[in-house]
Every structure is written in structure tokens, then in C-alpha cells.
Amino acid sequence: MQFNPRYPSLNPKLYHHQMPAPLKGAKAGHFNAALADELQWSEQDQAQWVEICSGQKTFAKFEPLAMVYAGHQFGQWAGQLGDGRGLLIGQILDKHGQTIDLHLKGAGSTPYSRMGDGRAVLRSVIREYLAGHALNALGIASSNAVGFTSSTQGIQREKLEPGAMMLRTSDCHIRLGHFEWINQYQPDLLEDFVQKCIEWHYPECLEAEQPVLAFATQVIQRTAVMIAKWQLVGFAHGVMNTDNLNITGSTLDFGPFGFMERFRPNWINNHSDYQGRYTYQQQPSIGHWNLWMWLNNLIRLKKDPAEKEQFKEDLAKCLEHFEPTFLEHYTVGLCQKMGLPSFHKDSFDCGMAFLRILQTEQLDYTQSFIRLQNKQYETIKDDCLDRRQFESFLAQYESIRANQDTDALDAEMVKANPHYILRNHMAQKAIELAERDDYSEVERLFKLLSQPYLKQPDLEQPEDLGPLPSDVPEVMVSCSS
Ligand code: AMP
Ligand code: MG
């Protein structure tokens, strides 16, 4: 590994150095060898992946640390938070020279653990491991993980569960909530912190006339793109608190996430989200709200009152990029999924008409697009109670596609419509087996989700292709993990 320790160059008030506390009886879970290669892990490192992913081995070139941050949780100021159960144990260069954080989740309590035990259970680790992998393979910026380990140590949740650790990778663990902590508790650190964020993550902004405004605009745009991509694959993050969004617009902190099955935009996938703040359909507006909260923390960078007023207006203008960026990516992406030309004035409406059918008929989001792609129009219609609604959609759909280069449009569909997403019941089955030390289903899903846009008849199982029947109770996921 090639280390590039840069977080420790920040003011020590922003972190606490400590070593991981290994669990008893650590044992192999799953290892992502392709990612380890990408991160230039040597053969020796790879041979020691279990020790590394269980906190037994750390690196002389990086002293592990827990970061402090704050956040708004479910819309309320939550005060100081921080890495309560994770440690940054390395920053290393990948094959492309990009710095990647190695973050060990479940590594024991830290000064920021509050009431928590500093641990993670196997169930939540497997969900996060597979989801990060799935999103990466879908082409959505996200954290990933080199591997995870289980243990013989029981961790108390609603019941006693096996403790686990996961070595998460991300291009950035600096959260919107970092700025909230600094602004609230150590405002003198803000200027230097912002400067470092720009140098590390947006060096091109240093050339801009106003680097901070260029930086803010970039963060806003990348977040908007990430959320547009979530919407297109039906991903609901579940806990979009300001401490769970980072400044590079790559997905972070999977808890009670869900890939939507039947198209229900107001489906509550996180059972701790009593008011439905973080449903699928709310994600764009919550993203906007989070960024607005974030921008407020930058105002302090200007001291002079007149300059401050102008700066506030300029920051508000940066946020105006959010909606058009989101809409552009979402619209183009939806047209791609539909096999419609994005320049045609009626394409977006036609896409919306299709989504309305999925919603009223409660059809599976992922499979319905695959059926459309395969021209299985009769199959979709057969599943509709209101067949006339589908017929009128189809008439519009075919009229837009008439006289277009349908081969090119169809080729776009193949790249935009996954066959496989991580359905809750798929993850659940893998978890139940893993809790009995059988990782075969984790391995199968890992492989299947590596190429979600490719039909894999030899690997797939019927349950991968749709929701469970509606009389089977849903898998409940909540914040407890
Ligand atoms: P989350 O909503 O999972 O991102 O967690 C919110 C905050 O709670 C973060 O500061 C976490 O580090 C902390 N946290 C969550 N679970 C635990 C735990 N079991 N022990 C200590 N801290 C935790
Ligand atoms: Mg979090």
C-alpha cells in the first residue's frame, strides 16, 4: 500500500487518535480482491486481509483516528457526533493516484460514541458491504469495502447478534456535518479546513476567482448528480442526515437503505423514520435542505459585514445549481431507461406516464423497465388492472419512437436498466446463512451484483427478479445496527 496520510495534518481538535479494539474470535467474512488490487494492496497485505479487516493489524504509516463532526438528524440539530464506532486506519493511493480512505467500522467505542457500544453487527455489515458494491457496479459514486469479518463475540441489539467489522473505502469521509461541528464549536478552524477540503478534493477550484464559491457549487452539483442516480435505480438511502452526506457526492453510511421494488415513491424503508422524512420521493428536496444547512456554515469565512452580505447572496446563488443539475441528470437518465430521445419534447411526460402506471398498478420498478426494454408490452399490460391506461401510454411511447434511431435508443436502455438490485429479501437470506457461517449466498450476490446490467441466467435465482408475494411480510429495517 502507498500511504498518503493527509487527515492527520488537520488541527488535532478535529480527531482523536486511538487503536481498534478487536472482537473475540474474528473470522473471515468476505474479501473484495478486485478492489484490493485497485488499491494496490501487495500480496502480503492481501494474505493478511482478515487481520486488517478485524482491527488486529494496523499500519505504522498511519496512526488510526476517530473524526469528530456534528449534524442535523431527522431535521433537528443533534450537536456533536463523530466516528462513534469507526476509525480511519489509512489513506492510500489507488492505481489512478487517487487518495482513498480506509475506515474500519465496528472498531470499538471512541470519545464520540455517546450511548453506543462502538460495535457493528454482522447483519448491518453485510447489508452495507453488498449495497456499496452494488452501487459501485451500477455506476453510482459510493463507498465500498475491501472486506468484512465476523466474530464469536455477541453484540446486544434487540437480540444478541454476532459482532462484525468492515473495512470501508471512500474517496472522502468529510461530511457536511464536519462543517457544522467546526462552525459551532471551533470556528477559528474553518478557514484552514475549507482550504484543505478544496486542495484535497477540488483542486481545480483553486484557480477560480472565488475558490470557496466554486467549491460550494461543485459540492452542490455532485450531490445533485448522486441523488439523480439514486432516483433512477430506485435507491432510498434512508438516513439522509447531514452527517451522512459527504462533500464529494459519493454515497456514505448505509443503514436502513432500500432498493425500491414495487414502485411506491412514498415507501418508508427505514422503520425508525416515523414521519417518512427520508422516503424515496423526498430525497431531492432533503438533499437541497441539507446543502442549505451546510452553506450556512461557510458564511463566517467573511468577516467584514458588507462582504458578508454579498457572500450570503453568492452562496444562495450556488444552491440555485442544485435543481437544474438534478433535473438534467434525472431527465436524461429516465429517457435512457425508457429508450426515448431526450431532445423530444414529449419524452419526459411519457416517462412520467410509465411511472404513474407502475405506481397505480404497484409493479416492480426494476423488472418493469427490463420488460419495456425487452418489448414485453403484453406482459406488462397483463399485470395491469387498468389496461386502457397502459394502451394509451404505449401509443404515445411508440409514436415518439417512430422515425427515431431505435437501435441506438435500445442500446442506451441496456446500459441504463439493471437486471439486479439488492432486494431486502436477497440480503436477508445471505445474512441468515452467514450467521450460520455459510457465506455462499454473500458470494453469489457479490458476483451477481458485480454486473447488474448483464443478464446472468446461471447465477440468478427466481427471487432475485421481483418482490416477494404481497402476503409475505416485508423485511423490517431500522436504525438499530
Ligand atoms: P448513523 O445514523 O448510523 O450514521 O449514526 C449516527 C451517529 O451515531 C454516528 O456518529 C455514529 O458513529 C454513531 N453510532 C451509531 N451506532 C453506534 C454504535 N453502536 N456505537 C457508537 N456509536 C454509534
Ligand atoms: Mg452516520
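Keep in mind that glycine also has a Cβ here, set from the backbone N, Cα and C atoms.
Taken from TrEMBL, the feature active site, proton acceptor applies to Asp243. TrEMBL lists Gly82, Gly84, Arg85, Lys105, Asp117, Gly118, Arg168, Arg175, Asp253 with the feature ATP binding site. Annotated Mg(2+) binding site per TrEMBL: Asn244, Asp253, in sequence order. Here TrEMBL flags 457-481 as region 'Disordered'.
A map of TrEMBL features onto the structure.
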{"residue": "Gly82", "record": "ATP binding site", "CB count, 10 Å": "24"}
{"residue": "Arg85", "record": "ATP binding site", "CB count, 10 Å": "21"}
{"residue": "Asp117", "record": "ATP binding site", "CB count, 10 Å": "15"}
{"residue": "Arg168", "record": "ATP binding site", "CB count, 10 Å": "26"}
{"residue": "Asp243", "record": "active site, proton acceptor", "CB count, 10 Å": "24"}
{"residue": "Asn244", "record": "Mg(2+) binding site", "CB count, 10 Å": "22"}
{"residue": "Asp253", "record": "ATP binding site", "CB count, 10 Å": "22"}
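Sorting the region 'Disordered' (457-481) by DSSP state (H, G, I as helix; E, B as strand; all else coil) yields 4 helix, 1 strand, 20 coil.
Checking the binding-site residues (Gly82, Arg85, Asp117, Arg168) against Asp243 (active site, proton acceptor) with a 10 Å Cα-Cα cut-off leaves Gly82. Listed recorded positions: Gly82, Arg85, Arg168, Asp243. Those with a CB atom under 6 Å from ligand 2: Asp243. Rounded to a whole number, the distance between the Cα atoms of Asn244 (Mg(2+) binding site) and Asp253 (ATP binding site) is 6 Å. Calculated from their C-alpha atoms, the gap between Arg168 (ATP binding site) and Asn244 (Mg(2+) binding site) amounts to 14 Å.
Note: the Cα of Asp117 (ATP binding site) and the Cα of Asn244 (Mg(2+) binding site) are spaced 19 Å from each other. Gly82 (ATP binding site) and Asn244 (Mg(2+) binding site) have their C-alpha atoms 11 Å apart, to the nearest angstrom. Here the Cα atom of Arg85 (ATP binding site) is found 14 Å from that of Asn244 (Mg(2+) binding site).
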